[in-house]
Amino acid sequence: MALRMPFNQAFWEEYLSGQDATLPSLPDTSTLSSRVIRILGGNPGAMHLQGTNTYLVGTGPSRILIDTGQGLPIWLSRIVGVLHSNNISISHILLTHWHGDHTGGVPDLISYNPTLGEHVYKNLPDAGQKPIEDGQIFAVEGATVRAVFTPGHSVDHMCFLLEEENALFTGDNVLGHGFSVAPDLGRYMESLELMAGLGCVLGYPAHGAVIGDLPSKLEEYIRHKEMRVQGILSVLVKERERVEGDRGTEGRRKGGMTLHEIARAMFGTVPDEVIDQAMAPFLMQALWKLTEDRKVGFEPGDPVKRKWFAVARRKTKPPRQHGSVARQ
């Protein structure tokens, strides 16, 4: 018998934002502009949307490839078909980050053309790969691509700025649909601000459709994360205020909530397994960021039972008055 749980709608909008069954269909291969061809990785799914986007960039006979998909045979067949039909070759392979749905096709490409093994670039490179430095330029006919270090989603994450189009290949930092995840939320939010400061108009994400208004999308991402973090802090502040007693307890570690208690305070009645599998990652990211910002503390001990609490603000003393005091 199915069990009906009174889930809060706000949670499901968050959890399902990138897994909507109504995602627009994307062609296996698409010419997006005179400089950019997109080839889907053939790996659609809840975590990959329509699949990993890989891009051939440039206008001449030699093109830059950004990301390589998950390593499925269908992707190799697709990209080889594009290369042959356009009579073009690959000059550089640029990897946005280390995740397997972006790097998995590298061995297949090298098997197809062994000379490509000398032209694979990634920040914090694996064996046989070459490093990418922040600001490094990769150029082919019709395309100047600048690497931009944007960690947070991963420690090595790079975006790539296509100067001729004022466009940004956003990797997994910003998706065409829904929201991304970030193990290091603090650095991720810094990266979003950095990306916004680049002033790019167009976004080519690693998953999902082209982002036609990148500034608005970045503003949405930044606002979304800030609201979620502030929501967690508000829950902990209310809990502290609830349990604080008389003046003698001010400044002490009063109250405190476990991860599950925080989740239920924000989203209502949610089963433990849903919290652990779907909600805990972001909650932990936000709590650690708030800890780094010295707005939240925690009690040491078992991580599952650990209590998190809002740090009390120190009251500032009024400035001391100098000079004579009038007497009655």
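Each residue, glycine too, has its Cβ placed from N, Cα and C.
Now, the feature entries from Swiss-Prot:
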ACT_SITE  ASP101  active site, proton donor/acceptor
BINDING   HIS97, HIS99  Zn(2+) 1 binding site
BINDING   ASP101, HIS102  Zn(2+) 2 binding site
Practice task
Under 8 Å Cβ to Cβ from ASP101 (active site, proton donor/acceptor), same chain, six or more residues apart: give me those in sequence order, or none if nothing qualifies.
Solution key: GLY41, ASN43, MET47, HIS48, THR52, GLY69, GLN70
Completion exercise
Should one count Cβ atoms within 10 Å of each candidate's Cβ, the binding-site residues HIS97, HIS99, HIS102 would be headed by HIS102
